[in-house]
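Peer 1: For reference, TrEMBL lists these features for the protein:
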DOMAIN    80-229  domain 'Glycosyltransferase RgtA/B/C/D-like'
TRANSMEM  14-35  transmembrane segment
TRANSMEM  81-110  transmembrane segment
TRANSMEM  122-143  transmembrane segment
TRANSMEM  149-165  transmembrane segment
TRANSMEM  172-194  transmembrane segment
TRANSMEM  214-234  transmembrane segment
TRANSMEM  376-401  transmembrane segment
TRANSMEM  407-429  transmembrane segment
TRANSMEM  436-452  transmembrane segment
Amino acid sequence: MEKIKTWLKNNRKIIIIFLIAFIPRLIFMLASYFIQGDYSFREGQDGYLDAGLNLLLHGVFTGESNFPLTPHSFPAPGYPVLLAVSWLIIPKYVFVVFWQNIMFSIFIVYIYKFSRLFFNDFISFAAAIFTALEPFSILWPNVVMSETPFLLFFMLSLYFLALFWKEEKWKFIIYSAVLLGLAALIRPIVTYFYPVIFISSVIMSWPKITQPKLVKFLLVYLIVFLAVISSWSVRNKIQFNDYAISTLPNYLYFLTAARDFLILSQGMSEIEADNYLQNLAIEKAGVENFNQILMKDKYIPVLKEITQSLIKADLSGYFKWHLIKSIPVLTDSGWMEILVFWHIKADKAQKVNISNLIIQRDFSALASAMKDNRIFLIRIIGVGFWLFIDFIAFLGIIFMFLRKELLKISLVMLLIIGYFVFASSWAALARLRLPFQPFLFLFFFYGLYWLYNKYLIKEKQSIL
């Protein structure tokens, strides 16, 4: 009992941060459960649950329900397995979001713990709490989606990596690599994150650790990471001739990114781009209609080939398009998703592609959307909010560069942000900002902190 009291006393701030994160999400969860019912949390993830249950109960990873079961190469296995284990314990979606809310609250705690390794208590605490209370961040752990466990494993991986930078212990390298591997099995977006790990470690460890020793550490990191993901990658290579943890991104990239790329690069309409891509896929696959291709493993290489051919044909245009599509990742609040969750009609407002209209300089259509749909104003306010965050964060980056002791960690945080912005910009979704949102808030609050201190010094000088 005395040990518990001592722990509570020594970790008071950690407990406060956890409760600030957890209580609003718990209230949101209970309100949704009693008002809308258990299925309100589902978010169309039955396929994930089915895949996990089929793997645990029948030894076949597939979202199908008809026997005999046919293995699938998608989605990534981590989240379906978590869902299935949860379902076998308590078959309720509310139970899933309950433990997701706990996971997200622990994620918030580790934002603070990571930040305290480099920043003062005010900046660390503010960044963690702002992440906890940002409206979209309250919503998303309350839907059955893979981001929440991914965020926790990813942040834990970064935290242990940061401890390695500080203490140079083997155990932190192992912990970080294992956790990054688990994160990749949940969301494969970090499959190619190792170069960021390598460059960041060189930045943070030089010249403290000798080059041969650092290379040895990072080689072990890579081996452990690959060992974690290799079993599933080898399984997919044997069954589907693809080492990818999940081939679903190839399918989604074809349906969304390839279409948007054609719209912006070739000036096609959405219907024209869809028809062009579908006809091309039908021809290459040798089938009669596109429905025969949908969600079929054997045709995903065809879709991947078409997408790659479009990219190779206009590589500079592709990178330009990627930069354009990164705008919503940095500006879309995701607040419209909250309205949709509570069944407030927002379809018309959601369909307006703000970034495309700006790039095409179609300001009349943008003004018309604002005038004809009041709900669209919520989206505009959200964009304004994130533009303000981005602007102050940009100032924070500059101010950090001016501080020698913060230059290294600011470069590392920029690497992390840049990786996710580019890797996820094709989808242009607010939820894809969640992995780097804490680092954006660290820049933001450092910018505010610097400006406040500058103003305070001027005030004191004027008084004197």
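Even glycines carry a Cβ here, placed using N, Cα and C.
TrEMBL labels come from automatic prediction, so no person has curated them.
Help me see these features in their spatial surroundings.
Peer 2: If you look at the transmembrane segment (14-35), the same-chain residues 6 or more away from its ends with a CB under 8 A from one of its CBs are 8, 41, 94, 97-98, 101-102, 104-106, 108-109, 112-113, 125, 128-129, 132-133, 138-139, 141-142, 341.
For the transmembrane segment (149-165), the list of distant contacts is 78-79, 82, 100, 103-104, 106-107, 110-111, 113-114, 117-118, 172-173, 175-177, 179-180, 182-183, 186-187, 190, 197, 200-201, 204-205, 217, 416, 434-435, 438: same-chain residues at least six beyond its ends, Cβ to Cβ under 8 Å.
Long-range contacts of the transmembrane segment (172-194) within its own chain (CB-CB distance under 8 A, at least 6 residues past either end) are made by residues 76-79, 82, 146-147, 149-150, 153-154, 156-158, 160-161, 163-164, 217, 220-222, 224-229, 232, 244-246, 249, 419-420, 423-424, 435.
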Peer 1: Pairs of Cβ atoms less than 8 Å apart decide it: which stretch in 81-110, 122-143, 214-234, 407-429 has the most with the transmembrane segment (436-452)?
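Peer 2: It is 122-143 that shares the most Cβ pairs under 8 Å with the transmembrane segment (436-452).
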Peer 1: Going along the chain, which residues at least six beyond the ends of the transmembrane segment (407-429) come within the CB cut-off of under 8 Å?
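Peer 2: Apart from its flanks, the transmembrane segment (407-429) reaches 118, 158, 189, 192-193, 196, 199-200, 203-204, 252-253, 256-257, 260, 322-323, 325-330, 332, 334, 355, 397, 400-401, 435-436, 439-440, 442-443.
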Peer 1: Which numbers of helix, strand and coil residues does DSSP report for the domain 'Glycosyltransferase RgtA/B/C/D-like' (80-229)?
Peer 2: 127 helix, 0 strand, 23 coil
